[in-house]
Amino acid sequence: MTEIRKRALFGVDKCVGVYRALFWVPTPLGSDAAPQRFSEGRALETVAYLSDTIGRRIVSTPQIEESALYVEQQAKLLQKLAQQTRPDLAVEVDREHTTGGVNMVFAGTHITNSYNNLTNIIVRIAPKAALHSKAVMINAHFDSVFESPGASDCAACVGTALEVARVIVADPDIQLAVPLLLLLNGGEETILTAAHGFMKTSKWAPSVGAFINLESTGPAGPDVLFQHTGSWTLEAYARGAKYPHGSAFGQDLFESRVLSMDTDFRMFSSDYHGSLPGIDIAQVLDGAAYHSHHDTIERLRKGTIQMLGENVLGAVVEFAKELKEQETKGLPEWDAGGSVFFDFFGIKMIRYPFHFGSLVHAQALPAVVLAILILPRAFKGQPPQVLPALRGAALRAAAAISAAAVPAALGAARVLLTGAHLSLMKELIMMWGKPMIFFGRNALAHAVYGPAALAGLLLPFALFQGAASNVDTAVMGASLVHAALAAALTFSGMRSGFAFAVWAFAGVASLMIPRKVSTTKKLIWAVITALPALLGVAPSMLTMPLFVIEHLSIGGAGKPPLGTLAADVVVGILFGLVAALVMGHLAAWLAHSVRPFIWRVILGLLLASAAAAVYASSADHPYSDAFPKRIMLQHLHLLAPDGSVHESRWAVATLDVVPVEMALPEKSTYLDNYDRDWQAMYPVGNLLRGVALPAPPLDSSMYRPGQMRISLTGTEPSPSGSDVSRLSLLMQLPWPGWGLLNVTGPVVGWSFAEENPETKERVTRFSGNEGSDSWPFWLDAEGDWQGKVRVELSAINHANTTQLHDFTSQMPSWTTVSAMTTLQASYTF
């Protein structure tokens, strides 16, 4: 009974830890809280005005200027408060406009990103005793995307930054060692343009010493540190944040560019386009609301802004101390290369410099090899177990592969079987099946894939019972695999090698027990020695499936039929890898514990997954009003050479693997797809898949023939070469807006960025506010260029026209539609 009670308590403690890691938040303070305390209620006043009163705040629309004006007014209230209560502080407020361009990689594609007249609001709060010290910068953006009111992304970030600054001004006990600078920027959703402009053109940029970037991919929290540059920044955050969350897994994932996401961090960080050390923090859960009309203040989970604000406030104070100390002592010797880090359920952050970690992680492999040679004789009186350990390593590798393959196969089979059923019952033209049926139902996703992943993990132990009969050699083999992976990941510069290293050391430690000890005590000792690995890996690994599942709706649309299976296969693989990593060598102990009836356990797990899959497939589709399908809608107009509209069409596309046709009326008339339907959204357009439908003509009040054109205004010899001509051109648009230029022909240079693109393709996105309806630019063309230089132009207008409103009002309630009007034309010079 005592043993059962101990195991039960261990399970309860683990559940409490999981709950704290994923869902716990502090009690939010209201607007009437003491002025010296960070208040979620006060921060939400900013969120409410930006997201409710103003609404969507897209670059090029009047609302972006309204937002900038509001943010500037709030900043001036801070300035007034400081003048009244803090004679030791100097507060300055500035508005800047920035224009420029940058070559970058986004969504795996090299692009040039040009921008015109974007607005940044700067607030500098400086101790008069440290006016000339380098500042800590908090960055947050007040623009939003498409149909989203952007409460979490990123009005909440702006409200948090302003409230942190207000607390610092209101509390005389907070004596900043260096200035604090708020950069409240008006162009992040245009792919990081306002931040780039600040770094390149702002008079304030040289005064910044480090940065804290605030972002969001969902309104449910928690705020997670997922990128950093400079070990000291992570160290300062870990000391200052009251509820630290973060893991090296997140940094490795983001740096791999597997995700089609990016943040302003890339423009500030010395690892990329910028010159600064800093950290990147984002709210991560409830990604179904991200970039949709559901990103509202009502969807923000209570307490998440309180947690974020208290973390940022503490981090700012510690950042300031570090920057002040560096004025005399310089950077710490251990700073280069970043850090390895993970949090202990939001209570404490464990961190150490990567250069130190690389030495420790690399020692796991020789330590395991040495243990294979020494431990059997030292603890069990046996000769070295080299060959058994290699068999154990093969078993561990097979278990990890099987853990991923079984749920992936289950997911693919479920889609294919429901597709066959649908094609027979509803006579659909395409065998779509029901992909991604678990979207928005996290518990159901775990029920479908979790048991199958465990079954896959156990399957090799059942198939190869001879190799699995000795749990010690199975554990030793698993440790060998973990050590090899730790060495490989560390050598490649990935910080997440720590997880495999700690599992390798834990495996060795678990075998340091005399042979005559009972199996039960060996198991208890194995669990105890595995606790450091479990605590280091579990928070991140438990968050990862939730994050991925919630963001599948923007994961990209694959090409049927294989593309339709992608989401289910990827999620199955993810669950399997998570199970393999969280269980580590304890999988061998689990298999040993159920060995007499292991096939019954595997069969039971598979039946549980199959039953959950059947239940999930009973739904018609995975969407609901709260977890909608994302649809992109263009009222697309193709222009003739004289500027008149010669064709209008609806281009309707989706960002996930479920075909967009399911959201359209059954008797829709489809047109042949034009290969450049989504050119205006490049490179995001590469992730889309959709259809075209007949559309009404463009409203004459929006466009008159000749309003959009590119004119050659002159030519002259180019300074870049003797056989190169410089073509001066003027792009004129019917409205300020977003768009794209695609230039082909013998072009060797252009004016959209300081450097030529890294590829031969010359594609630039452009975006701007008032005044950006006229863009002068130049192209350098070599040789006999006449008649060979071709420029394709797409221009987007975000106004909600009558035609767009009529179309979107017919869409199901379980969709969220990003609608736009687009003109496309081509010119030859």
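Using N, Cα and C of the backbone, Cβ positions are placed for all residues, glycine too.
Because TrEMBL annotations are produced automatically, they should be read as predictions rather than curated entries.
If you take every residue in the domain 'Peptidase M28' (120-314) and average the pLDDT, you get 96. Residues or ranges marked as domain 'Peptidase M28' in TrEMBL: 120-314.
According to TrEMBL, the transmembrane segment annotation covers 354-375 (among others).
According to TrEMBL, the transmembrane segment annotation covers 395-417 (among others).
Sequence-distant contacts of the transmembrane segment (438-463) (same chain, at least 6 residues past either end, Cβ-Cβ under 8 Å): 288, 395, 398-400, 402-407, 410-411, 414, 474, 545-546, 549-550, 552-553, 571-572, 575-576, 578-580, 583, 587-588, 590-591, 594-595, 598-599, 601-602, 605-606, 608-609, 612-613, 615-616, 622-624, 626-627, 656. Taken from TrEMBL, the feature transmembrane segment applies to 438-463 (among others).
Residues annotated as transmembrane segment in TrEMBL: 483-511 (among others).
The transmembrane segment feature in TrEMBL is assigned to 523-549 (among others). Counting only same-chain residues 6+ beyond the ends of the transmembrane segment (523-549), those with a CB under 8 A from a CB of the stretch are 10, 14, 17-18, 21-22, 217, 224, 245, 247, 249-250, 284-285, 287, 342-346, 350, 438-439, 442, 445-446, 475, 498-499, 502-503, 506, 509-510, 513, 517, 570-571, 574-575, 578, 581-582, 584-586, 589, 593.
What TrEMBL records for 569-590 (among others) is transmembrane segment.
Here TrEMBL flags 597-616 (among others) as transmembrane segment.
Against the transmembrane segment (483-511), stretch 354-375 shows more Cβ pairs under 8 Å than any other of 354-375, 569-590, 597-616.
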